[in-house]
Amino acid sequence: MSITKEFDTITAISTPLGEGAIGIVRLSGTDALAIAQSVFKGKNLEQVASHTINYGHIIDPKTGTIIDEVMVSVMLAPKTFTRENVVEINTHGGIAVTNEILQLLIRQGARMAEPGEFTKRAFLNGRVDLTQAEAVMDIIRAKTDKAMTIAVKQLDGSLSQLINDTRQEILNTLAQVEVNIDYPEYDDVEEMTTALLREKTQEFQSLLENLLRTAKRGKILREGLSTAIIGRPNVGKSSLLNNLLREDKAIVTDIAGTTRDVIEEYVNIKGVPLKLVDTAGIRETDDLVEQIGVERSKKALQESDLVLLVLNASEKLTDQDRALLNLSQDSNRIILLNKTDLEQKIELEQLPDDYIPISVLTNQNINLIEDRINQLFFDNAGLVEQDATYLSNARHISLIEKAVQSLEAVNDGLALGMPVDLLQVDLTRTWEILGEITGDAAPDELITQLFSQFCLGK
């Protein structure tokens, strides 16, 4: 799909396939009204006012057969998401009826939209920039209200405004430096230019570094904390997973080795999406299937943001327990002493002091796990500050890091006394990198790749 403004009319089903109360088939483009009218029996859609909902029936124009009773929303350019004429046909939910209407629209001249093409048109037509387009998908994929709050702020343009303002300031600085270089007749112009460049570069770097400090929190809220639940067999890992999920997703029995693979689930812990990985018990085993699960568990431990190490408080520490304590000591780890409802035999003096005694059976102290996670990753601060702008997208984070590196190169050059005109190159590069975030300077291949990750109909 070429990166140009496209004027053909596209269509797609915008609701999930399957049974439901309603289904929505969307059209966008110059001929959206004419194509919709060709299959609609009711008011003349080409003559109704913009942003109205119109009752009628979808019919097969060849046979006159009624396909469904519908409500049709008409929205005229440019006051639409794509800045093109948009029609949304609200049908009864169901695979057959929505597909039948989609095929009718295609036969009448619409083209099947590619994934993300509606949002791509909004970007190409200047309705949203790249950060706002990405925020659309973040809202769809948000697993908690906090993640949704960050995505909505980004869609509203908070990150775009910050980036655009910074780019404009960089441009102003480059222009001033250029003027000073072009008019060197003043004796102190070189000193003035160096001082200006040093002051502004440090200002830009400070701003971007402050933005990067939000990345850890933002990325966690967007993508979730990858959390490995580890422990030797039969200490209560799967029961803990089920307790956190509040539903039976892992197999729980009294037979060691029941969880023979890695089970992944998401759970909302005070607004933080935890990607819980219930690992097979880590122990030496001759069972090939279970051995594969154990190896995957070790890998999950290495790749996790957080480790929940479950020990059995009703038994003495084993060599396997000690091995797991050593294996996880460099991780963000929470030690959980399970089965405290039974007589305790575990040697507490051999454990770090920050363990949490719990009973999955009686639900004792489960809430303390949530508090400890907040302490570990958010320093007990609020998860989302209302007026703050957060970085949460890995692409944005990477580009901001590159921009900071370019600014550091300017500062290093100033310290070495390099000519100002050479330092302009790195400052210009910073301006270009920031433009990639909003899409002002993003390569065509990147734009195509980003929108291809969207769902159909969006």
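Every residue, even glycine, has its Cβ placed from backbone N, Cα and C.
Given the structure is predicted, the values throughout are model-derived calculations rather than measurements.
Listed in Swiss-Prot for this protein:
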| type | residues | note |
| --- | --- | --- |
| BINDING | Arg26, Glu88, Arg127, Lys458 | (6S)-5-formyl-5,6,7,8-tetrahydrofolate binding site |
| BINDING | Asn234, Thr253, Ile255, Thr258 | K(+) binding site |
| BINDING | 234-239, 253-259, 278-281 | GTP binding site |
| BINDING | Ser238, Thr259 | Mg(2+) binding site |
| DOMAIN | 224-378 | domain 'TrmE-type G' |
Cα proximity to Asn234 (K(+) binding site), best match among binding-site residues Arg26, Glu88, Arg127, Lys458: Lys458
Cα distance (Å, whole number) from Lys237 (GTP binding site) to Lys458 ((6S)-5-formyl-5,6,7,8-tetrahydrofolate binding site): 39
Pairwise Cα distance for Arg127 ((6S)-5-formyl-5,6,7,8-tetrahydrofolate binding site)/Lys237 (GTP binding site) [Å, integer]: 48
Whole-number Å value for how far Lys237 (GTP binding site) lies from Glu88 ((6S)-5-formyl-5,6,7,8-tetrahydrofolate binding site) (Cα to Cα): 48
Site of maximum Cβ density within 10 Å, from binding-site residues Arg26, Arg127, Lys237, Lys458: Lys237
Alpha-carbon spacing, Lys237 (GTP binding site) to Arg26 ((6S)-5-formyl-5,6,7,8-tetrahydrofolate binding site), which is rounded to whole Å: 46
For the domain 'TrmE-type G' (224-378), mean pLDDT (0 to 100): 75
Whole-number Å value for how far Ser238 (Mg(2+) binding site) lies from Arg26 ((6S)-5-formyl-5,6,7,8-tetrahydrofolate binding site) (Cα to Cα): 44
Around the Cβ of Glu88 ((6S)-5-formyl-5,6,7,8-tetrahydrofolate binding site), the count of other Cβ atoms that are within 10 Å: 19
Binding-site residues: Asn234, Ser238 - member with fewest neighbouring CB atoms within 10 Å: Asn234
